[in-house]
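Working notes for the structure below.
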Amino acid sequence: MLLTGAKDNQLRESNSQKVHPQPMEEAMNQKPEAVEGLISNLFVNISSLKSAYIQLQGAHTPYDPEKIQVADKLVISELKKLSEIKHLYRENNPKPVCVSPQDSRLAAEIQEQQSLLKTYEVMVKKFQSEIQNKDSEILQLQHQIEEANQKKVKLEKNLKLRGLSMKESQGSVDENGDFPVDLTPDLFISAVEGAFKAIHDFSKPLINMMKAAGWDLDAAANSVESNVVYSKRAHKKYAFESHICQRMFCGFQHESFSIKVDNHALTKEDFFRQFLSLKDMDPLDMLGQNPDSIFGQFCRTKYLLVVHSKMEASFFGNLDQRNHVVGGGHPRTPFYQVFLKLAKAIWLLHSLAYSFDPTVKVFQVKRGNEFSEVYMDSVVKNLIVGENDPKPKVGLMVMPGFLIGGTIIQSRVYLSGVRVAE
């Protein structure tokens, strides 16, 4: 019986030894505290990863690029920690011989968390793609805002016109806030031609009324500039054109055109809008809307300067029209309407001159100056000048010249004592 009992004890001890996959000494050397610490770190890391993922989601509502970047870095950091725990576990447990039920559960949880990590990685990539799309949308919106601000600035400048109505100001630009006409030297040259024609057109009725009133045209021409030798009697008309030109261009070199007004501070864009607003308008219609505008004051000042009171009295037998102008009005008489066309042409030329950067410069030539083909153009074309003849000299300046950048627009002159081909 004793032998049988001893054998049974030995069998039970032998069977219990099969449960241990390692030698007894190694099993005794395992530190449960280290394993438990590793598992605790794993659980803490997984919780932190979940928290970082929640922060990443929250950064998208509302959309905040800075918070998204911070949360993204936090997710990556937690993933790195999880990877470190994984490597640490494998180093301490290289080849387990047998797995206990507890180890199986732990392995299952690790596998589950690894699957979750793969899901998180996919979602992170998706969020990063969405971030890039949002960044692209933000850049597009910023570009649209910049364009809208530029249009806003143009429209605000459009409201600064002085002496012009709101309706006229709005009509000087297109729907995009851009000018419908390009500011070029050719545009200014065209305006110079228009001003020269307006002087010629106003001189015709002026001379005709002088004739009708019994004026001595020879004496009148001599009073404008004495001792000018005219090739033909008909050329004395240039004396009256010169008189009109001198009066109309007086003060042209000043930004305000020598009109005394308060706060006359316009930008170059304002001058160009001023030009565009009046360019296609009837001057009398514009003065009817705002008779005391800067343009209205310019018209009154120049009319009183060009048309002398004695001249007007001889034309009409009274000074009613003049008194009406002095009182701030703009009469609708045919003579005054012809004058307004002249005033408009000179005003447009001045507005255009101050639209350029740098400003267009005006220059005059004096009587007695030698003729220069660079700076002057003769109003009479069929001149006869011999090789041995002295250089022609200026008798009258009919129209001043202009310097626009490197371009010279010649002054129009009448040369004294030069023969003309029949």
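Cβ from N, Cα, C; glycine included.
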Per TrEMBL, the range holding region 'Disordered', considering 1-29, 88-116: 1-29
Report the mean pLDDT of the predicted model across the coiled coil (110-158), rounded to a whole number. 78
With DSSP as the yardstick, break the domain 'GIL1/IRKI C-terminal' (362-414) down into helix, strand and coil residue counts. 0 helix, 26 strand, 27 coil
